[in-house]
Amino acid sequence: MIERYSREEMSNIWTDQNRYEAWLEVEILACEAWSELGHIPKADVQKIRQNAKVNVERAQEIEQETRHDVVAFTRQVSETLGEERKWVHYGLTSTDVVDTALSFVIKQANDIIEKDLERFIDVLAEKAKNYKYTLMMGRTHGVHAEPTTFGVKMALWYTEMQRNLQRFKQVREEIEVGKMSGAVGTFANIPPEIESYVCKHLGIGTAPVSTQTLQRDRHAYYIATLALIATSLEKFAVEIRNLQKTETREVEEAFAKGQKGSSAMPHKRNPIGSENITGISRVIRGYITTAYENVPLWHERDISHSSAERIMLPDVTIALDYALNRFTNIVDRLTVFEDNMRNNIDKTFGLIFSQRVLLALINKGMVREEAYDKVQPKAMISWETKTPFRELIEQDESITSVLTKEELDECFDPKHHLNQVDTIFERAGLA
């Protein structure tokens, strides 16, 4: 991922240095496991643990000759050791190291992403509570529907991100597993105890059955889950973009002193952060196809997935980490124009209370079809002539003979839409 959309904490996880360090840890743990089984002298393992070092430049230099990165790596590490070097990579195949270490690196990335998710969820919870009773216009098909509250909107985002967090925790169990089962997965030259020891000490699980590789349905599920999280962010970002339109202006991204919105138009204050999140989400989603096409490998292995994953996994995790952090800050610093929200409710001349009038008539004994046919024409006239809807309702004796002034007051009271907000918040776990 390009530096512009990267945070150092996450980018450092995907460096060659960290990858080789992960490989080395797998190799050393394998030696320790062999030692526990009495196959490698403990003194040799201690020397390997103490003296084995990674030198990325030297490993890459050797790779120019070997054309095999793991062979180059093991030879480079062996250069830092004495006679004990013969135990490095003992009984292992390359993918025992690569796939297990990759899962360990992904675990490191996942630790960061999980913290990102929790921080964002905390911000959403705070916003939901702060604006719990802040009335605003609810819109369906882009058209005014009925009042809701900005807090309910934030509660919706909160519960969606809670689901994303649960899905993420589930996929961690799928993706954070290792395999050290040999060339075709039969443990022909390495006992299962080695795999169990290594994975336990790395803090990851073990695949119950594998070939030379971990099966890539795990990685496809992982990428799809990250893409779904990114898509939720995009959904929220698009909402902010729409609510920041000049004609609506119910929220606005923070605009710093000295910030510029346009090279040509000095007045511009654009939702560029949310637009940025939208674009990043598209990039992340684009990798779903790659992840799924990596699943059908040939027989017990091929490496067609390898080149794709070297690009995909860093890009997706780095981009999502960046997006989560940036969008958390956007929401945290969001300006909310409560007066504009209330004013927008009044823009449609009271039409948004049409269902309240309809239900009131039904409750007084009128047949639904008759009530609907009385209310709808008034709504159409109000929309076309900009006449207050209530005024038209009050001019119809067939309605006023059924509904009293007090009952109409209740129909046109926007606070009615707050009646169940407490219940919604309780159900969302925000009480």
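All residue numbers here begin at 1 and follow the chain in the order shown.
Using N, Cα and C of the backbone, Cβ positions are placed for all residues, glycine too.
Going by Swiss-Prot, these are the annotated features:
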type	residues	note
ACT_SITE	His141	active site, proton donor/acceptor
ACT_SITE	Ser262	active site, proton donor/acceptor
BINDING	4-5, 67-69, 93-94, Gln212, Ser263, 268-270, Asn276, 307-311	N(6)-(1,2-dicarboxyethyl)-AMP binding site
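Annotated features, which come from Swiss-Prot, shown on the structure.
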| residue | record | contacts (Cβ under 8 Å, 6+ apart) |
| --- | --- | --- |
| Arg4 | N(6)-(1,2-dicarboxyethyl)-AMP binding site | none |
| His68 | N(6)-(1,2-dicarboxyethyl)-AMP binding site | Ser94 |
| His141 | active site, proton donor/acceptor | none |
| Asn276 | N(6)-(1,2-dicarboxyethyl)-AMP binding site | Arg326 |
| Glu309 | N(6)-(1,2-dicarboxyethyl)-AMP binding site | Leu102, His219, Asn294 |
### Message
Taking 10 A as the limit, how many CB atoms besides its own sit near the CB of Ser94 (N(6)-(1,2-dicarboxyethyl)-AMP binding site)?
### Response
19
### Summary
His141 (active site, proton donor/acceptor), DSSP three-state class -> coil
### Query
Should His68 (N(6)-(1,2-dicarboxyethyl)-AMP binding site) be counted as helix, strand, or coil on the basis of DSSP?
coil
